[in-house]
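Worksheet: the structure to be examined is printed underneath.
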């Protein structure tokens, strides 16, 4: 008994009871780590959909390492299960690793994807494939995350993104909402007015957005003198409120640019609604005063040959001016006669050269050099001088 009590209190030894407890704990731990043999019906259906063989229940446990793929994003490697992407076929990665597309890997068997997206942003987007929600880290801007989601075709909305920066999140959501809303305005209200301008032969359109209760009453005898008669109007209080924000005007301008239009201008201008009074000026001239209201406007053009329509064609005439400096400073070319002698040009007031040959008796010559001032043509001398 004494030996037994000594064995229990020695710190460097362990009793049979302690050894049994340690063995039991190790068995329980191994049992917990062992994969389950029960087959989950949802997992089984997913495996059948992906074409995975079901030879034994153990194959439905953790995926083997050879089934995983390596993605290279911004020189960073991510080892993931391609089944995560196949479960979201509408995304870019889901389309890449589906059976319908043939995705090529590099010499190491890795897939280089998401070119231009930082690794930290891609790591946050991977959470969407695992849990359906993206948690935007504080180190990543919401705009950067939004651009990455647009590139990877991952939905970006209030149900899929969680962000501490609510201002940045709501700003991106407003941009998407403004884009969708302006598409509706463009198809239902703006496009018919553009078609009316095109049917008249115009290649640009100026539209003023009025309120639903705005009335336009112009005097036919005294219309406005600011050129508003060429403008078209649309009564829509909803569109008026939409263009109240500068960010919405920027979104609308980008939408029009994406649709192929140019010379796009959006802003707010004064528009005459009705005649207030008529003033008589000296001389009988009348001056009309209209009531102006500040309303948004849209101006766009679909002119295809803009540069050619305003070009003026000039006839090409060969220039006689001397453009060569050496030619301008050189002596002029001499004209030669039939014998090769230079022909001198006589100028009034110049003396006749002494070495000029006498052509009076030359054969074939008619007369000589005429006298510049014949004697009989000179006036008589004044005796007083």
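In case you wondered, yes, glycine gets a Cβ from its N, Cα and C as well.
Remember, TrEMBL labels are computer predictions, not curated facts.
Note that the structure is a prediction, hence the values are computed from the model and not measured.
As annotated by TrEMBL, region 'Disordered' applies to 1-25 (among others).
Look at TrEMBL and you will find 1-10 tagged as compositional bias 'Basic and acidic residues'.
According to TrEMBL, the domain 'BTB' annotation covers 67-169. Mapped onto DSSP classes, the domain 'BTB' (67-169) shows 39 helix, 18 strand, 46 coil.
Annotated region 'Disordered' per TrEMBL: 362-385 (among others), in sequence order.
In the predicted structure, the domain 'BTB' (67-169) carries a mean pLDDT of 91.
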